[in-house]
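Peer 1: Provided herewith is a single structure, encoded as structure tokens, for subsequent inquiry.
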Amino acid sequence: MVVGDFAIDLDTIVIGAGPGGYVAAIHAAELGQKVTVIEKEFVGGVCLNVGCIPSKALINAGHRFQQSLDSSVFGVSAENVKIDFAKTQDWKQHKVVDRLTGGVNMLFKKHKIDLIMGNAFLKDDHSLRVIQKDSAQTYTFKNLIIATGSRPIEIKGFKFGKRVLDSTGGLNLPEVPKELVVIGGGYIGSELAGAYANLGAHVTILEGTDSILPNFDKDMIKLVLDSYKKKGVTVVTSAMAKEAVETANGVEVSYEADGKLNKVAADYVMVTVGRRPNTNDIGLEIAGIEKTERGLVKVDEQGRTNKKNIYAIGDIVAGASLAHKASYEGKVAAEAIAGKPSTVDYVAMPAVCYTDPELGTAGLTEKDAKKDGHKVKVSKFPFVANGRAISLDQTEGFVKLISEPETGELLGAQVAGAGASDLISELTFALEAGANVEDLALTIHPHPTLGEAIMEAGDVATGFPTHI
Ligand SMILES: Cc1cc2nc3c(=O)[nH]c(=O)nc-3n(C[C@H](O)[C@H](O)[C@H](O)COP(=O)(O)OP(=O)(O)OC[C@H]3O[C@@H](n4cnc5c(N)ncnc54)[C@H](O)[C@@H]3O)c2cc1C
């Protein structure tokens, strides 16, 4: 502390206002704590500003464009279908992102949460300093929740710039590129590749391993690859990206595949090869907080670090980098501070990829269940036998249940197809509630709905399928 810099005593501080931090802050306030949030860039974090939400807005715009171009199967046609991408971007920013981040600010006010815009840096395990433009202030805290999130990884030969973009740049393009190269076929790269292909770009995905979307089953990945083929997306696997060289009007990307050096010219290249936790420059070492070799903060099942009054949640701790995981951990940490016995339980953690078709998974996959030593029964019901899917003309995909053959206990579930992002919630609840496949089969589902495919997958599992 410098002379004249008096520390201000606070109760609970949360660093970072992403889906981990802001949810933790609100829940801590609901549980009676006086909460202060410190955020250096944007309320709502990556998810609301440059992640989940704007990406889904662009994906939706792409779907609308495609539907307008081609609904002839329904006898619907339109002429002169065009995109005004500046308008799309304006809608995404002002009607979607700003509305949601404004909502978080309102919730902070409602719960009397103080928000300080500035960069937080730990001084020890009971105080931190907030650096603002022209000033700095020290605060002491009783409890601290760190939710500083993650940032894109830059790779050698691909320095981010005007034409070499991270996912944030990819979301904020001024125009739909004619040619777009996406490096990395994980869920962010695959989603945005699909979105821009739907918006009219020719997209090339360069993936270093032998498959895109490695966390999903092969039968699900195949559906996405089939749809990329229809959209004209080029997918090159086992491709090592070498270098991007900016040219007068674009960028030239070189990569190695099959032992050969190849080049592809594009308007932009977007690098989505993963994200790095923001744990380097926030004073964790100074406060004596332990990290793993991968730079993640070590926490127990309440999110508590090796310092008993300091918690860490979201992308900076182990597990999938997902917004709902961050929020869930934020609630547990807030409850732990309030003295409740809450602990995390990831058994039913869902994940969704918003490709065409959407992919959803919850609990164990067949492979993981076998690895865990379970006997496994796989029961699949295809959307091609679902009335609602046929009426939507979206029959690709299936619901797949992974269960114990003897007890029928549900171990996991996957959905590929229309509405997968919503349908997976029912299956997540079933896992959370300890349901078995018979419970799913016996649950009356309204007709005609995509959800009936869940019931019918239960019928397949119990041995009495009606529609296949
Ligand atoms: C393009 C894209 C699409 C995605 N789509 C999905 C999706 O569909 N579904 C999903 O579940 N997840 C998705 N994600 C991942 C999701 O955004 C993250 O998992 C989630 O945002 C993590 O939440 P968090 O609270 O841990 O951190 P973040 O959202 O990263 O928030 C951290 C906050 O901390 C602030 N901060 C950092 N350091 C400091 C400091 N020293 N002082 C003060 N403030 C600081 C940052 O400015 C930031 O606002 C997507 C991500 C990307 C990039």
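Quick reminder: no glycine exception, Cβ is built from N, Cα and C everywhere.
Automatic prediction, not curation, is the source of TrEMBL annotations.
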Peer 1: From Glu207, Glu285, Glu290, grab the residue that TrEMBL records in the same NAD(+) site as Gly184, Gly185, Gly186, Tyr187, Ile188, Gly189, Ser190, Glu191, Gly274.
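Peer 2: So, going by the record in TrEMBL, that would be Glu207.
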Peer 1: Pick from Cys52, Cys353: which cysteine does TrEMBL list as forming a disulfide with Cys47?
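Peer 2: Disulfide partner per TrEMBL record: Cys52.
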Peer 1: Can you list which of these recorded positions (Cys47, Cys52, Thr148, Gly149, Gly184, Ile188) have a Cβ closer than 6 Å to ligand 1?
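Peer 2: Correct list: Cys47, Cys52, Thr148, Gly149, Ile188.
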Peer 1: Among all protein chains shown, how many Cβ atoms are found within 10 Å of the Cβ of Ser190 (NAD(+) binding site), not counting that one?
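Peer 2: Taking every protein chain into account, the count is 29.
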Peer 1: Any idea what DSSP makes of Cys47 (disulfide bond), helix, strand or coil?
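Peer 2: For Cys47 (disulfide bond) - judged by DSSP and reduced to three states - the answer is helix.
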Peer 1: Using Cα-Cα distances with a 10 Å cut-off, which of the binding-site residues Thr148, Gly149, Ser150, Ile188 are near Cys52 (disulfide bond)?
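Peer 2: Of everything listed, what lies within 10 Å of Cys52 (disulfide bond) (Cα to Cα) is Ile188.
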Peer 1: If you count other C-beta atoms within 10 angstroms, which of the recorded positions Lys56, His447 is the most crowded?
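Peer 2: When each Cβ's neighbours within 10 Å are tallied, Lys56 leads.
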Peer 1: Between Gly149 (FAD binding site) and Ser190 (NAD(+) binding site), what is the CA-CA distance rounded to a whole number of Å?
Peer 2: 21
Peer 1: Whole-number answer please: how many Å between the C-alpha atoms of Thr148 (FAD binding site) and His447 (active site, proton acceptor)?
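Peer 2: That comes out at 45 Å between the alpha carbons.
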Peer 1: Would you measure the largest Cα separation among Lys56, Thr148, Gly149, Ser150, Asp315 for the FAD site and round it to whole Å?
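Peer 2: Taking every pair among Lys56, Thr148, Gly149, Ser150, Asp315, the longest Cα gap is 23 Å.
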